[in-house]
């Protein structure tokens, strides 16, 4: 089984003046989370979707799933206190319902510009190498600074990548490291890749696209709108 685990547990504090969590903001009468879910719904290799949602909005999400005919979502469950805990909750639900050898693609509900090719590459990488993290090369230079804002090192861009999503693993492996982290009282994982590498797993790079952005601010939302408008214009005018 190939299962998408979609994290929609944030409340979007960086979205100024918004009364909705960022995943429920609408573009052309369609919420961001639905744009995201449609990509996995339409991918022929995805068998099921589990969504971890901020709890007060679960009923609203279920209404959206019905309205937009999203049929692959099998379960919507409440998130935890942190992103790490929310992902763990979702993984435990997948464990209850699916095989331990399932491939799990962990993706942000506010990353709607994912495409079929990236989804398929993630699945193939897990089956070939046991893991996958979607990345793209940086276009600017990273510098390492100290506590006094003095540059201490300049990273080689050719050896750097921007971490994106999906981040994909066998269910048995990602659950194992989450449980180990809980035993160790480790709660500071930035994402699934950082948790896997902390506990000694190699994570294989998968090529992504720069427009696969995470919508966390008003600027991100306007970039998303511009990309959607461009895609629509290309379909109409060629």
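Note that the numbers count up from 1, one per residue, in the order the chain is shown.
Yeah, the Cβs are placed from backbone N, Cα and C, and that goes for glycine too.
Annotated features, as they stand in Swiss-Prot:
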- 7, 8, 9, 10, 80, 81, 82, 83, 84, 85, 86: CTP binding site (BINDING)
- 14: site 'Transition state stabilizer' (SITE)
- 22: site 'Transition state stabilizer' (SITE)
- 157: site 'Positions ribitol 5-phosphate for the nucleophilic attack' (SITE)
- 214: site 'Positions ribitol 5-phosphate for the nucleophilic attack' (SITE)
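For residue 22 (site 'Transition state stabilizer') paired with residue 84 (CTP binding site), the C-alpha to C-alpha distance reads 19 Å. Straight-line distance linking the Cα atoms of residue 214 (site 'Positions ribitol 5-phosphate for the nucleophilic attack') and residue 80 (CTP binding site), rounded to a whole number, equals 20 Å.
The DSSP secondary structure for residue 7 (CTP binding site) is strand. Under the three-state DSSP scheme, residue 214 (site 'Positions ribitol 5-phosphate for the nucleophilic attack') falls in the coil class. Here the Cα atom of residue 86 (CTP binding site) is found 32 Å from that of residue 157 (site 'Positions ribitol 5-phosphate for the nucleophilic attack').
Neighbour counts of Cβ atoms within 10 Å were taken for the recorded positions 9, 22, 84, 86, 214; the minimum is at 214.
Sequence-distant contacts of residue 7 (CTP binding site), defined by Cβ-Cβ distance under 8 angstroms and a gap of at least six in the same chain, are 52, 79, 83, 86, 87, 90, 106, 107, 108, 109. All protein chains considered, the CB of residue 80 (CTP binding site) has 16 other CB atoms within 10 Å. The Cβ neighbour count for residue 82 (CTP binding site), using a 10 Å radius and every protein chain shown, is 13.
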